[in-house]
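Each remark here refers to the structure printed beneath this line.
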Amino acid sequence: MQMMTRDVLLEMELEDDEDEDGDIGEVPASKRPLMAPHTVLPSSLVLENLEQTIVSGFGTLESQQDFRTPEFEEFNGKPDSLFFNDGQRRIDFVLVYEDESKKETNKKGYNEKQRRKRRAYESNLICDGLQLEATRSVLDDKLVFVKVHAPWEVLCTYAEIMHIKLPLKPNDLKTRSSAFGNFNWFTKVLQVDESIIKPEQEFFTAPFEKSRMNDFYIQDRDTFFNPATRSRIVYFILSRIKYQITDNVKKFGINKLVSSGIYKAAFPLHDCNFSTPSKDLSCPNERYLLYREWAHPRSIYKKQPLDLIRKYYGEKIGIYFAWLGYYTQMLLLAAVVGVACFLYGYFNQNNCTWSKEVCDPDIGGKIIMCPQCDRLCPFWKLNATCESSKKLCIFDSFGTLVFAVFMGVWVTLFLEFWKRRQAELEYEWDTVELQQEEQPRPEYEARCTHVVINEITQEEERVPFTTWGKCIRITLCASAVFFWILLIIASVIGIIVYRLSVFIVFSAKLPKNLNGTDPIQKYLTPQMATSITASLISFIIIMILNTIYEKVAIMITNFELPRTQTDYENSLTMKMFLFQFVNYYSSCFYIAFFKGKFVGYPGDPVYWLGKYRNEECDPGGCLLELTTQLTIIMGGKAIWNNIQEVLLPWVMNLIGRYRTVSGAEKNTPRWEQDYHLQPMGKLGLFYEYLEMIIQFGFVTLFVASFPLAPLLALVNNILEIRVDAWKLTTQYRRMVPEKAQDIGAWQPIMQGIAILAVVTNAMIIAFTSEMIPRLVYYWSFSVPPYGDHLNYTMEGYINNTLSYFNIVDFKNKNKDNPYTGLGDHTSCRYRDFRHPPGHPQEYKHNIYYWHVIAAKLAFIIVTEHIIYSVKFFISYAIPDVSKSTKSKIKREKYLTQKLLHENHLKDMTKNMGVIAERMVEVVDNNLRPKVD
């Protein structure tokens, strides 16, 4: 095989090139060494030589005889075939382009320029050892499909370059034991039928080396590299082949060619139709099996076939579904406890003494509350909030405290047990030493123009920028992220201003338009109307900013230029999560910890911007509003995401099928069927993770206000797994399989959320709910010396927590008294712990206030320390890698080294024996004449 016999690069004048490719991944060629033409090279030099090329002056059409073009073949009428027309060479990748000579819009010279770039690229693919076969579309004669096949020699060469682990010998150590062995009769119903999806044979593996090819378990060259591995290798080559030099700058890679429109798509093939198995007996029908046993609604109760998912889509997809499945299983326990706490509050709401007092016509009906805004807001009776106080009893109960403590422990158990499960998958899927395998991104390699000395090897290596340049890039990227976070905070302030201004309108309009006996008035209070409309507007703003920032974050990360794909995704993950954290959670933090906390009192209210009076909570607190906000955002986000994930690709594919309906009856090949599916995109999986982590934050950070959050998350995740599976198997092209050792930066993000969740839930119970003031009243202020009751009781709690205000005591002389002219009232009540008018310290905080503050601080400190102690003890007690998994990893490493060492010794012994025999023969031949 002739590999890399000659690279073709087009030289074009800068003014003639419209530079539709962009500038990512370009590097001046003058900073790269040149090489003479070469033939087959050792595998250790191939990767280096991908960075070096021969610059040939192919700027004119007369030079096109140097191009090596793919073979053109007619479609052989076999729609299920995964091979070239000869039936021997497997299709590892498909490139699609529109024939430039048949394009409807023909700019002068533009189509010809694209054709020359494409032909140069395909010629270099052939020179690099790949085999190409082109076939014109059955449905649209303008489309051409270039099928790519990697021969055995190319696969072996690049498997060594990429440090791909391949089988050495069958492994009899990997036996999986179930923790539910005593319940096999039950778990068997949940398992995938092994007669349908057969378990994969396990092997000892080692990084492939051509020099030790005989040590590897090669029974059949056609199956030694499975389809996923073949696609990975081919994509590695496609991403690094160059095709043009413009103004001493090289351009390369299939991604640039697709983004610039030279190719319309590039993808590996699905192995069959998802709804029917292939007629080809040699086809494993893995896509059909995945749809039937994983994506189909009838399999919703079954466990996921993770090994088959990993085999078909790669470890990166497999680890995502493994994590999502494990998270969903753990949510089942949290959902059960949450529902129990909710039911406890629901069935005890009629025993809620303080709610009864609010609804009692003789108590709440006679308490006149101060207006909550200036001029337009009327005086109102406390029993107007009767229905909201009943709802509040459901969520603001003792069960909420128990559930918040439980969730602090649950999240630690989830993270620790997931680490153990992840370690098992690393062993089972051979990704324990993955970091040693990962290659730099081609965009990074292309920018490596600066030579530095490696501190470890003391050898020269190339980096894309100096230390000073790296600092500048980091500073610019951090500044951009900080700017967008400030933009979100500005939008939150805008929502707050909306709340303040619209509350005035609702307070003025609702009492006038609604009859006092109308049941709607029980629910549609000014506070509730303001909360619901503000939550909906907040949700819309969140989605708009989210769409814009996604593009900005990708631009920032591209500018930052991370070295590997893992580094790229981790960097993008942190940027996106910081933004999403502020975007989704800021309104919840405002309601939980700021709203109603700095309002002053009616005689001296606090104003925003000197104009808007700060909004107050209901007499029962802001907890119910926080629950409403969480319900709207969680529910709205789930509905929106499902619409995006299901309807959007389905409608797009429907439109695509409608456009080609005239040829639908034709015998369509597999590559053309896959082309009309939707592309997944390199960051498709990133958005799936992001969606789940945002949900994880809602489930943990604010769960004290909404114990049903885990139940909503559980239902959503059960559907999410199957929706994602359906989407991958039926609506999207097959993704390029990628390796992944773990879930990346999402793990430390979840750990950070878990630590923060303890603080937020403790503060919600202390400052947002009324639990601490009620406990202080029950144990201290209901009985002497502060109270009048002989026994501990909650009677009189409402009256005790409402202070008096004399209407004539309005202090701000620059403004007219807003309370005059609203009726014959001379005094009103407001929610605070202050001395009444006429007291020596009137309107100053009373002793009850200081008792409550002390109790809140003590509760936060004690609760945090207890939960953190339990969390750290659990983290210490549960090792990240189980003892059995450690033993298996060590055992496999030992046996692998022993196997390779023994084979090496056998080869050396064999070679030494041959050498010894030859030496004996030589000596014997030299001595024989002397004896004669």
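Every residue gets a Cβ built from N, Cα and C, even glycine.
Note that this is a predicted model, so its numbers are computed, not measured.
Record features (TrEMBL):
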- 83-306: domain 'Anoctamin dimerisation' (DOMAIN)
- 309-892: domain 'Anoctamin transmembrane' (DOMAIN)
- 320-347: transmembrane segment (TRANSMEM)
- 398-418: transmembrane segment (TRANSMEM)
- 481-508: transmembrane segment (TRANSMEM)
- 528-549: transmembrane segment (TRANSMEM)
- 576-594: transmembrane segment (TRANSMEM)
- 692-715: transmembrane segment (TRANSMEM)
- 743-767: transmembrane segment (TRANSMEM)
- 847-868: transmembrane segment (TRANSMEM)
Contact yes or no, the transmembrane segment (743-767) and the transmembrane segment (398-418), 3+ Cβ pairs under 8 Å, gap 6+: yes
Of 398-418, 528-549, 576-594, 692-715, whichever stretch has the most CB pairs under 8 A to the transmembrane segment (847-868): 398-418
Intrachain neighbours beyond the transmembrane segment (398-418), with Cβ under 8 angstroms and 6 or more residues off its ends: 323, 326-327, 330, 333-334, 337-338, 340-342, 344-345, 699-700, 703-705, 707, 710, 747, 750-751, 753-754, 757-758, 761-762, 764-765, 769, 771, 863, 866-867, 870-871, 874-875, 878, 880
Chain residues outside the transmembrane segment (576-594) and at least six past its termini with a C-beta under 8 angstroms from it: 481, 484-485, 488-489, 492, 495-496, 534-535, 538, 542, 545-546, 549-550, 553, 622, 625-626, 629-630, 633, 637, 686, 690, 693-694, 697-698, 701-702, 705, 745, 749, 760, 763-764, 767-768
